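Written out below as structure tokens is the structure these notes cover.
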Amino acid sequence: MRRIALLAATFLAGAPAFAQAPPPVAAPPGARPAAPSAAPSAAPSAAAPAAPAAAGTPAAAEDPVLARVEGEAIKLSDVLAAAGDVLPPELRNVPPEALASMLPPEAMRQLVERTITDRALGIAARRAGLQNDPELRARLARLEQQELTQALLRREVLPRVTDEAVRARFDRDFANRPAEEEVRARHILVPTEAEARAALADIQRGQDFDEVGRRFAQGTGTRESGELGWFKRGDMVPEFSAAAFGMQPGQVSAQPVRTQFGWHVIKVDERRSSQGPSFDDSKEEIRQRLLQEEVQAAVERIRGTVNIERVTPPAAPGGLMQGAQPPAAPAPARR
């Protein structure tokens, strides 16, 4: 019931914004799905019989008419379809009459009013002839194409990304992965070998590593304490990793370590073995990865089923089609 209460709050909060929506957006024919798409058991509104004649039929009892606007029936399924995007997944297949009984009366009242407003704006837009506006018709055609594309991809992709597929990918990529060693370390970074050796000499004489670091550290790569946190062998440049993973907790590098960033004095604080993420921690990330892979595969399959003809446009003066070459991309900078 707590989720139902939150759902009702969402409905009520959304009503004023909806009431201010411009007529062309809410109203044109075809811009909103008919009720049967949200509730397959409902009969189309245009074919709904008058309320008295329908009252005795099972379908009418399950999907009653709640209002009429200019004679157009607004059924319970129409009202609930307006809330389809915010319904929790477990409620989307609940029969309309049962779902209506779960909603607070004020939430239902607001939903009915929103649907009446939507229908009234649609009638007004049609009377104004907005459905014949070329720009609007083009927009609606694009929206229809997008919806059809999404519906096709959902049909092609979702059945393939099952819980079993997610688990299989986890078992393949993570479950049998050997434990990785990690090190927690800190460092002092200076630009010259002489400074690094001077810092190391102070530490070897017993001075505190962090105090020496605060005196010598330079550049944006080092904070006051030089703390680097936990890292795996491949997280750092090879020279740094080789030195750090060759030391035991509490040890300071016997010699300064040179990398592309400068000269380092390294101290290892801790070592541990990392087992990697659990299934519960990684399953949603894996699911999203599988969805992306399946969408790409579905697109390739579908493109292979249609005839595609590419037409070369006329060359623009001085353009690439006349043989001009694009400027070469700059070489990537080395880190």
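Here the Cβ of each residue, glycine as well, is placed from N, Cα and C on the backbone.
Sequence annotations record features per position, and here TrEMBL assigns signal peptide to 1-21.
Among the features that TrEMBL reports, compositional bias 'Pro residues' is placed at 22-31.
The feature region 'Disordered' is assigned by TrEMBL to 22-50 (among others).
Annotation comment: TrEMBL describes 32-50 (among others) as compositional bias 'Low complexity'.
In terms of DSSP secondary structure, the domain 'PpiC' (180-270) contains 30 helix, 30 strand, 31 coil. Sequence annotations record features per position, and here TrEMBL assigns domain 'PpiC' to 180-270.
What TrEMBL lists as region 'Disordered' is 309-335 (among others).
If you look up TrEMBL, you'll see 317-326 (among others) marked as compositional bias 'Low complexity'.
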The domain 'PpiC' (180-270): mean pLDDT? 89
